[in-house]
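Report on one structure; see the data block that follows.
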């Protein structure tokens with residue numbers, strides 16, 4: 001990727017040339033012809049810019065002017081870098097990359113001498129010394145008069161260029177003591193020839209320091225909200241992941257590898273063989289048993305809104321299926337439904353699943369993702385902990401069957417204190433948040449700071465809280481081997497319905 005440090009246009013009658021200075025170029029030459037492609041200067045890359053443009057006495061070129069029209073700004077700054085100076089003679093490398101939504105500003109002095117040499121050669125050329133300034137309709141005093149310093153000239157050039165191309169505020173790079181804050185407005189959003197939407201970048205420039213801080217404007221939020229259905233933002237690196245491809249990547253961030261939350265339906269699809277899933281108790285819903293009073297939103301209305309949002313009736317899906325041909329009983333909690341909280345319906349569905357697995361001698365998997373007991377159901381939600389634990393005791397101790405608990409992020413509260421930690425084999429996902437009381441609750445209750453990472457899966461694994469940390473990719477294979485090790489084998493092909 002070649003980056004142009006400074007771009008200029010020189011005009012000869014009706015012909016316009018675009019030329020650039022690049023750090024990687026041995027000589028300076030024209031890049032493209034924006035109007036006429038037959039010109040020999042453009043088609044001869046071996047000619048030096050001083051011979052092809054400055055040195056020919058028959059050529060008449062005006063001073064450095066602006067490059068392209070505002071309508072071409074999207075193409076021009078799609079991936080360009082150029083050098084600017086502030087009033088303190090501090091140089092900055094400004095890099096635009098609109099396609100990847102990058103805007104970078106860095107100090108860079110390595111190219112300064114080359115840039116100065118270029119303009120000094122132009123200003124001190126014999127052509128400039130012999131011609132009359134008054135005859136030039138495009139005469140720019142900032143370019144030629146010795147009373148203006150190089151600093152003022154470069155400030156003026158960049159200020160004028162940026163203002164004409166991307167609507168820069170008049171105070172930027174002007175060196176004025178009355179203005180410390182400057183704003184660059186990039187008009188980069190357009191839709192099918194309609195009026196373009198503006199995406200604002202707010203840049204604070206302190207004339208007494210060389211540090212620049214990029215701020216986001218309020219319009220960024222509007223654009224994010226408009227296209228949020230297309231992307232999923234990583235909780236760890238804040239990178240954007242295209243939602244269409246995220247499912248095929250098992251909801252793992254492409255940038256940092258962080259494990260994003262998965263819906264219960266996606267987890268069922270990940271673990272269960274296609275066409276073998278048989279859900280249980282789908283129509284079981286909560287009826288607000290204690291008539292919980294809420295000043296904000298009634299409990300029933302909240303349940304209804306989550307049902308519409310997720311397409312589920314409750315915070316857990318239960319059923320039977322096959323995992324690599326092995327019949328299993330599976331329960332998957334969904335954090336998107338009221339934080340995966342465990343109410344009376346969640347507890348009843350899990351209890352019925354365990355009882356069914358006990359009667360059918362099926363291995364059991366429960367995928368945990370919950371914030372704990374549901375406060376809107378009071379003590380009834382707490383009783384689910386004892387009810388599920390009692391059913392598991394009969395399943396594990398009396399029937400000697402095999403239960404695997406999978407802890408995902410987050411697993412907290414009553415779920416951690418009951419069936420989450422009762423598995424014969426306890427598996428955790430990488431970097432999962434696993435705790436009884438959350439960090440905020442502990443700090444507010446004990447008035448002590450919880451060490452960073454003390455509730456992460458990797459730390460708890462070394463303390464012996466569970467048996468293994470298994471990534472999502474090999475999870476199905478690991479479970480299949482565990483089941484076969486404990487005497488659960490795939491069905492014969494002839495017996496598969």
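Backbone N, Cα and C atoms are what each Cβ position is placed from, and that goes for glycine too.
Within the same chain, residues at least 6 positions away in sequence whose Cβ sits under 8 Å from that of residue 253 (Zn(2+) binding site) are 234, 236, 237, 239, 241, 259, 260. Under the DSSP three-state reduction, residue 253 (Zn(2+) binding site) is assigned to coil, being neither helix nor strand. Taken from Swiss-Prot, the feature Zn(2+) binding site covers 234, 237, 253, 256, and the record attributes it to sequence analysis.
Taken from Swiss-Prot, the feature domain 'CoA carboxyltransferase N-terminal' applies to 230-497.
Residues or ranges marked as zinc finger in Swiss-Prot (evidence: sequence analysis): 234-256. When Cβ-Cβ distances below 8 Å are used as the criterion, the zinc finger (234-256) is approached by residues 262, 266, 270, 472-473 of the same chain, each at least six residues removed from its ends.
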Densest Cβ neighbourhood among 234, 237 (binding-site residues), 10 Å radius: 234
Cβ neighbour count (within 10 Å, all chains shown) around residue 256 (Zn(2+) binding site): 12
Additional residues around Zn(2+), ordered along the sequence, whose Cβ is within 8 Å of the centroid of 234, 237, 253, 256: 235, 236, 238, 239, 241, 254, 255, 257, 258
